[in-house]
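So the structure is just underneath, and the comments pick up after that.
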Amino acid sequence: MSKTLIRGAKVLGGEPQDVLIDGTVVEAVGTNLSAEGAEVVEADGKVLLPGLVDLHTHLREPGREDSETVLTGTRAAASGGYTNVFAMANTFPVADTAGVVEQVWRLGQESGYCDVQPIGAVTVGLEGAKLAELGAMHESAAGVTVFSDDGKCVHDAVIMRRALEYVKAFNGVVAQHAQEPRLTEGAQMNEGVVSAELGLGGWPAVAEESVIARDVLLAEHVGSRVHICHLSTAGSVEIVRWAKSRGIDVTAEVTPHHLLLTDELVRSYNPVYKVNPPLRTERDVMALREALADGTIDIVATDHAPHPHEDKDCEWAAAAMGMVGLETALSVVQETMVDTGLLDWAGVADRMSFKPAKIGQATGHGRPVSAGEPANLTLVDAAYRGQVDPAGFASRSRNTPYEGRELPGRVTHTWLRGKATLVDGKLT
Amino acid sequence: MQRHLISAADLTRDDAVLILDTAEEMARVADRPIKKLPTLRGRTVVNLFFEDSTRTRISFEAAEKRLSADVINFTAKGSSVSKGESLKDTAQTLEAMGVDAVVIRHSASGAPYRLATSGWIDAAVVNAGDGTHQHPTQALLDAFTMRRRLVGRDAGLGKDLDGRRITLVGDILHSRVARSNVDLLHTLGAEVTLVAPPTLLPVGVETWPCEVSYDLDSTLPKSDAVMLLRVQRERMNAAFFPTEREYSRRYGLDGDRMAKMPDHAIVMHPGPMVRGMEITAEVADSDRCTVVEQVANGVSIRMAVLYLLLGGNEPAVSHARPTEEK
């Protein structure tokens, strides 16, 4: 059956409407649409959003298939309501050549659950010393548009300047992991009262803020655009706000976990809370929420970072940094932004679909839910509340900080170009 | 009855005084011709040392043997750990051998806490120093030494350190001894002052229950005890202070500075001392310096802790960390 009628869905949280999918596109949006010849999905007032787009995902393939593969990662993405993810370059080998990015892109094509757009490394081997072949990666079948050494900061100001200048040739964007390396040597958590008490090396806010300040000025100087990965401090928000007010072409993302969790949780020494950048203070969390609401922070990105159990079931210092996020992102955003009144569902669509697609030039994604548009859609039961059970995750790794925590919202259906990848919460 | 000793912050005033009083009883064993009690006969204690520390390991081993425990010494060097075995696997292997208590020293802050709370093992866990976090038995032996010198050996029984003024000098930032002492001395009613260059004080130290000063000379006349902390020479490479000479001039304790202290005041050091830089030989070898006593007292304190955790009937140690949030 090539037609699907989604009946009574609140499109972007508005009044209930019917949405008719025909083949790969949305044929009509309206009331009392005919269900003839169509499979009917009773939405019953669930919220219909454009398929979510994640500008910051780690799929681990090639090289760390014990953590995640493109297939398991895209299944996790579909479970979380995503139809497009950007795969970070810190694989083994590093995605710093046309060959590797094409491999990731093809694996994404084959998965069928979610489009995958590889991110290319800015520098060879993520070593920060020599520019990777950015043009070749852009011209490859993968058509790379976003470049990042994520996990490592492009800390050399000259290399960063050259990267920003070079990608202008094909309207690319450099996504910076802002972390001044010398200020964060030995860092294991946010520097502050808690790190001092726990005796864990501190990651000071200024190590992020100083790099962002430098990079927005570099972007202004060379007339390029820069994207800041996973903002985590109130000071970073202020710098991005200032840069935007000055007309600098900067965009920024925040992760769901930085909108919800604080460094107080590290008192448990449970490595599930170990992440880079680290969990910050309550003041930072509130500043990030406000900035996402007022548009200073453009998008939510998951920084989905799967790790096998043994890499987390150990002492804090030995544990890997990162947490999975694709399957809980929307719930955390609902908890922190929607249920608090800071953002409506149209705002969520903007921050989690329209804008990330625009930043990453994800063709066919982040489009309005209207006739003629690709049928990349996500249906959310916003009234649902339940405990997070990682046993049901599609991701190969289960390193979530939310195990047992009650969160609102549940993605029930996802469609990728009209094909259902998730039905009633189950992957097809 | 709580089963672990992870942090000095977990001890209530009554817990701490009970440990100090028990240590006085244990100290009397050392005066006997046969320095042994049957208390932990048939119990097995493993000293799980992932980090070199001859002094602390021998002190625990002496305490365990004086209580008649069966002792297993495990050092990471040359063990399966150097072949990549995890802390969890190592701990579970040892527990499978019937261990009742694990005394753990680890370079990673929080490793003893993980061991005690992760469900990997059932044995009691005693923290023998973790990273830059805590070294609770060191703090207890320091408090024990202070009480004996400042309050009295027998007169001190049942008493704390109420109103005593204690100064800790040196690398506070990297010191688990400093963290433990601030927690415990505050619990025992002492007024603690930390003295260090600003670079060697942790961010957020203003929230700790103590005073902070950059000036040693003004602090000395009002100190009942001055404890010097070891400054690692490699810190100089990270620009924590300009030169050894400048550090010594501003924060080292020499005879002239010691003369500024009240007559009854004592000089302490957890060891090993760097003579010439943080303390002069004149001070280190003076009668007011308690370094050797601290070592002897360490055995008594560790006997008391093991006795109360494994053999005693009275609750000695509470464990008041926040529960793990899932």
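We number each residue from 1, going along the chain as drawn.
Each residue, glycine too, has its Cβ placed from N, Cα and C.
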Site-mate of A:HIS177, A:HIS230 for Zn(2+) 2 in Swiss-Prot, selected among A:ASP150, A:ASP156, A:ASP249: A:ASP150
Residue from A:ASP294, A:ASP298, A:ASP303, A:ASP311 that Swiss-Prot also lists as binding Zn(2+) 1 with A:HIS56, A:HIS58, A:ASP150: A:ASP303
Of the binding-site residues A:ASN90, A:HIS230, A:ASN276, A:HIS307, which one has its Cα closest to the Cα of A:HIS56 (Zn(2+) 1 binding site)? A:HIS230
What Cα-Cα separation, expressed in whole Å, is found between A:LEU59 (substrate binding site) and A:HIS177 (Zn(2+) 2 binding site)? 17
Setting A:ASP150, A:HIS177, A:HIS230 aside, what same-chain residues sit with their Cβ within 8 Å of the center of the Cβ atoms that define the Zn(2+) 2 site, listed in sequence order? A:HIS56, A:SER148, A:GLY151, A:ALA175, A:GLN176, A:ALA178, A:GLN179, A:CYS229, A:ASN276, A:PRO277, A:ASP303
Please list, in sequence order, the residues in the chain of A:ASP303 (Zn(2+) 1 binding site) that are at least six apart in sequence and whose C-beta is under 8 Å away from its C-beta. A:HIS56, A:THR57, A:HIS58, A:CYS229, A:HIS230, A:THR255, A:HIS257, A:VAL275, A:GLY322, A:MET323, A:GLY325
Show which residues of the chain containing A:ARG60 (substrate binding site), separated from it by at least 6 in sequence, have their CB under 8 Å from its CB. A:SER67, A:GLU68, A:THR69, A:GLY73, A:THR91, A:PRO306
An 8 Å radius from the center of the A:HIS56, A:HIS58, A:ASP150, A:ASP303 Cβ atoms defines the neighbourhood of the Zn(2+) 1 site; name the other residues of that chain inside it, in order. A:THR57, A:MET88, A:GLY151, A:CYS229, A:HIS230, A:ALA301, A:THR302, A:HIS304, A:ALA305
Nearest recorded site to A:HIS177 (Zn(2+) 2 binding site) by CA-CA distance, among binding-site residues A:ASN90, A:ASP150, A:ASN276, A:HIS307: A:ASP150
When DSSP is mapped onto helix/strand/coil, what comes out for A:HIS56 (Zn(2+) 1 binding site)? strand
